[in-house]
């Protein structure tokens, strides 16, 4: 037996009436939001006795187009409690919420009791409709925006239809089967996607498989309190990441062709290799995320004593402009943030633990090899291999300029506090820098902290390929054997 559910997110119920224009029209909306005032008004108002708008409350009047017909129709909606016959949808997996609230720009969720209308098609093809109360996430008064339909999806199969037809999408306890991407590429302009419960994935041994993909314009991606997105990393971790071993999804959460949008307040754990790939975005802000890959620190039967997770970058950013990453916590085993191309990028308020620090690069050998205007600021790098790093690939070309590290605190760094090297290869540095990638206008301000081992400073530039480095208030201690072939004055 197939069944679906239609959740009406406002009370009292508005059923079986001539709702002005559409279910999301502001006239019906203001009646439902201000039900007490509307009920008092409707008790004395009918279209047959009132033909003018004199004395009508302004809030009702303005939202009903100053028309008595709409006022009367909305009053009828408010007082009607009859439940209509509802055709059985073909999908069994979605819960649709009809709401006059709009696409949110900020989210505060609460749990309230709404009415759920369950539709079940019996063997005789007759349609049975029952109404029962159920707790569902609904928006508080701060849930504001441009209106539209909100859909709650509880099964993977319903995601595509929700993306195509809904302004606001709540993904609740989604399980994505093997080889099944949570595909959010067709979102409506201004849409919001909210993760709730635990999102999980089946095993997909394929390096080209992307578990989550999102794109869109003026889109918001967020999560309710207590949600978890679990990447099933333990099924893949073998200590080799993308460098070898078994096939595994290379990028867990792909964000591409996304404009004037926000990703905020997500909790992600146990991703297989790289977590976020940010590609070809403009005016995107990522804020308040927690990326927790701490389970990958431990060795397993495949990793030969090394951490099981490898190449587990938090954020790989490329070909993007006016991008902001802020107030985010990352525990991983590779770059906390790596910018490989792009312009006007701000990374602020980061807490990076266990990985390879705040990085530019590696640069060279890609379709876009220019980085211009990147600021890392007000961040901590803890128990990591590197603090602040710029790495360019040996024998390649490109340009890196206008880079700023400011107010960065380092603690328990094992390899390099500040590292600029032009001999990088994924398999290990060559020790022989090349000058095909130029690095210019790099400023380190108030970069301070301690090493557990390694070098406080390591700068290895090619011939005449580095210029205009500034060190101001830089103090890193605890390491030894510092080496800087640029500037001519040596290490800070």
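Backbone N, Cα and C atoms are what each Cβ position is placed from, and that goes for glycine too.
In the three-state DSSP assignment, the secondary structure recorded for residue 334 (active site, proton donor) is coil. Annotation comment: Swiss-Prot describes 334 as active site, proton donor, evidence class sequence analysis.
The number of other CB atoms found within 10 A of the CB of residue 356 (active site), across every protein chain shown, is 26. Residues annotated as active site in Swiss-Prot, with sequence analysis given as evidence: 356.
Residues annotated as disulfide bond in Swiss-Prot, with similarity to another entry given as evidence: 151-166 (among others).
The disulfide bond annotation in Swiss-Prot covers 336-352 (among others) and is backed by similarity to another entry. Within 10 Å of the Cβ of residue 336 (disulfide bond) there are 31 other Cβ atoms, across all protein chains.
Around residue 466 (disulfide bond), the same-chain residues six or more apart in sequence whose CB sits under 8 Å from its CB are 420, 422, 438, 439, 440, 442, 459, 486, listed in sequence order. The disulfide bond annotation in Swiss-Prot covers 461-466 (among others), and the record cites similarity to another entry as its basis.
Look at Swiss-Prot and you will find 484-491 (among others) tagged as disulfide bond, backed by similarity to another entry. For the recorded site, residue 484 (disulfide bond), the DSSP three-state label reads strand. In this view, residue 484 (disulfide bond) is surrounded by 20 other Cβ atoms within 10 Å of its Cβ, with every protein chain counted.
Among the features that Swiss-Prot reports, N-linked glycosylation site is placed at 292 (among others), with the record citing sequence analysis. Around the Cβ of residue 292 (N-linked glycosylation site), a 10 Å sphere holds 18 further Cβ atoms from the protein chains shown.
What Swiss-Prot lists as N-linked glycosylation site is 407 (among others). For the recorded site, residue 407 (N-linked glycosylation site), the DSSP three-state label reads strand.
Per Swiss-Prot, the feature N-linked glycosylation site maps to 441 (among others). In the three-state DSSP classification, residue 441 (N-linked glycosylation site) falls within a strand.
According to DSSP, the secondary structure content of the repeat 'PbH1 1' (216-238) in residues is 3 helix, 9 strand, 11 coil. As annotated by Swiss-Prot, repeat 'PbH1 1' applies to 216-238.
For the repeat 'PbH1 2' (258-280), the model gives a mean pLDDT of 99. Positions annotated as repeat 'PbH1 2' by Swiss-Prot: 258-280.
A Cβ distance under 8 Å defines the sequence-distant neighbours of the repeat 'PbH1 4' (320-341), meaning residues of its chain 6+ beyond its ends; these are 241, 274-275, 278-294, 296-297, 307, 309-314, 347-363, 366, 368-371, 374, 376, 381, 384. The repeat 'PbH1 4' annotation in Swiss-Prot covers 320-341.
The repeat 'PbH1 5' annotation in Swiss-Prot covers 371-392. Across the repeat 'PbH1 5' (371-392), DSSP classifies residues as 0 helix, 19 strand, 3 coil.
With a threshold of 8 Å between CB atoms, the same-chain residues lying at least 6 positions outside the repeat 'PbH1 6' (400-422) that come near it are 357-358, 360-361, 363, 370-392, 394, 429, 433-435, 437-462, 465-466, 469, 474, 476, 479, 486, 492. Residues annotated as repeat 'PbH1 6' in Swiss-Prot: 400-422.
Residues or ranges marked as signal peptide in Swiss-Prot: 1-16.
Burial estimate for the disulfide-bonded residues (352, 491): highest at 352, by number of other CB atoms within 10 Å. A gap of 34 Å separates the Cα atoms of residue 151 (disulfide bond) and residue 336 (disulfide bond).
Residue counts of the repeat 'PbH1 2' (258-280) by helix, strand and coil are 0 helix, 16 strand, 7 coil (DSSP-based).
Ranked by Cα separation from residue 334 (active site, proton donor), the recorded positions 352, 356, 484 are led by 356. Among the recorded positions listed (292, 336, 352, 441, 491), 292 has its Cα nearest to the Cα of residue 166 (disulfide bond). Counting every protein chain shown, 25 other Cβ atoms lie within 10 Å of the Cβ of residue 334 (active site, proton donor).
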